[in-house]
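Novice: The feature compositional bias 'Basic and acidic residues' is assigned by TrEMBL to 538-564. Among the features that TrEMBL reports, domain 'PPIase FKBP-type' is placed at 45-133, 157-245, 269-357, 381-468. Under the heading domain 'EF-hand', TrEMBL lists 486-514, 524-559. Among the features that TrEMBL reports, region 'Disordered' is placed at 533-564. Look at TrEMBL and you will find 1-19 tagged as signal peptide.
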Amino acid sequence: MAWGSLLLLLGLLAAPGRGDPGPLEDVVIDRYFIPKVCLREAQMGDFIRYHYNGTFKDGQKFDSSYDRGATVAGVVGVGRLITGMDRGLQGMCVNERRHLIVPPHLGYGSIGVAGMIPPDATLYFDVIMLDIWNKEDKLQITTLHKPERCNRTVENSDFVRYHYNGTLLDGTHFDSSYSKDSTYDTYVGTGWLIKGMDEGLLGMCAGEKRRIIIPPFLAYGEKGYGTVIPPQASLVFDVLLVDLHNPKDGISLEHLEVPASCKRKAVTGDFVRYHYNGTLMDGMLFDSSYSRNHTYDTYIGKGYVIPGMDQGLQGVCVGEKRRIIVPPHLGYGENGAGNKIPGSAVLIFDIHVIDFHNPLDSVEIETLSRPEGCNVTTQERDFVRYHYNCSLLDGTKLFSSHDYNHPQEATLGTSKVIDGLNTGLLNMCVGEKRVIIIPPHLGHGENGARGVPGSAVLRFEVELLSREEGVPEGYLFIWHGDPPANLYEDMDLNKDGEIPPEEFSTFIKAQLTEGKGRLMPSSDPETVIADMFQNQDRNQDGKITAEELKLKSDEDQERIHEEL
């Protein structure tokens, strides 16, 4: 006879009425170990799992579940066990240990079991309770931690990633995702999980921790699983939900900070510069532009970034702060990226838009104030003086003429300033104030300049202080009247038939002092005069001859004639 069924024979072998010797002893119970926490006690009708050693009074072993390598499972208090065991097991907690002394009339009586248990034998059992459950039990869920922020909870058909530790009810470990250094990734409510986990994960938030106690009929039932989960075992899972999404999800947007004024929103084809922190749903940082001290710069809507970011950047304002939640099928998919973004991971980007522009953008001009009665405005070749403040669109100050205690000077149309600023300074009145927005292709381009980031949109606040009329393009000096009849003789101050740079410079400065002509406006007249000398010195021998001066004059007259 198999010992696995020995304790179930009471109905046949220990029937009452075979001669009552008088008052009978009850089972003796010694609760020599009681756990501090006892969530439940075994009651009549409960299913239980336990281990035991069975001996006679002299210590001789007659049975042991340990020796068979399998726990005993059954229902307590319904006559399927010998009466002494039925009584001795009731009221036990999981992990409680008891010594039971079962007198013969509560064991196998005067008959015993042939070849195994002699008649009228008192039985000694050392028992440990491993599991208790009832067919009326339901899933037990305990929330161990719930994050403050929870925008969405798990629903059927969602795809979840979670970590878990799995134990039996007595604490015996059987599995852990942590030991595999990988989350468990699966769909919920589609039959891929045991029923208890399918139910236990519902309603969880990303970052939430739960303890889920699953009765056997919602787990692996009477068959168990392999060698690690015995039949009729209750399971305990400590679960940390890492993230969740649904294959039907699109991106999710949270507008954290939107500027009060937003004249334009980004659209497909715009070039955007933004800072970001990228985290997983459990808060783990996987990337940050701040750590590199450099914005992320890209076109949107053209496939240069993951689809979720292409969508998430649409409609942003300059200065806006936005949270973009990207499901994996719009991020890096089931393969992930590198060693920081796991497969099927939901990504969270907290972005701050610094600026954006379109390659087709022109200079944007806003007039803040303009003097009344202004009829004369700046033109190409004019020499201007102006004060300015230069910043990025997010307000970051770059440069200011006020920092140098003197205004900026430039001749318009001579490539002395960036193209966008040159355009912005045209058609201004003295005293006028403007805001000039310059896209990078009319500023410092994708490479930037010292103190100016690459591809930066610049904002200039400009006040025009003065204007001097310029000379026509291609000229460095203009006579106010007719030039001297004998120009070369007048210019040859020492009358030696040659005009070196010193004589040329002295002569031109004298004309300027007497008001007979004017130079092309410049912050450095000496440079202009030197350039004039170089233009006249056709042979580049460091002196001007009469022939060189006449030839140059004839060319100028011919050009003037063509222009007229």
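Positions of Cβ are set from backbone N, Cα and C atoms, glycine also.
Please treat TrEMBL annotations as automatic predictions, because they have not gone through curation.
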Novice: With CB pairs under 8 Å as the measure, which of the listed stretches 45-133, 157-245, 269-357, 486-514 comes out on top against the domain 'PPIase FKBP-type' (381-468)?
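Specialist: When the Cβ pairs under 8 Å are tallied, 269-357 comes out ahead.
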Novice: Within the domain 'PPIase FKBP-type' (157-245), how many residues are helix, strand or coil going by DSSP?
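Specialist: Summed by class, the stretch gives 15 helix, 38 strand, 36 coil.
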Novice: Going by DSSP assignments with H, G and I as helix and E and B as strand, what are the residue counts for the domain 'PPIase FKBP-type' (45-133)?
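Specialist: Each residue of the domain 'PPIase FKBP-type' (45-133) counted once, the result is 14 helix, 37 strand, 38 coil.
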Novice: When secondary structure is assigned with DSSP, how many helix, strand and coil residues does the domain 'EF-hand' (486-514) contain?
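Specialist: Helix, strand, coil within the domain 'EF-hand' (486-514): 18 helix, 1 strand, 10 coil.
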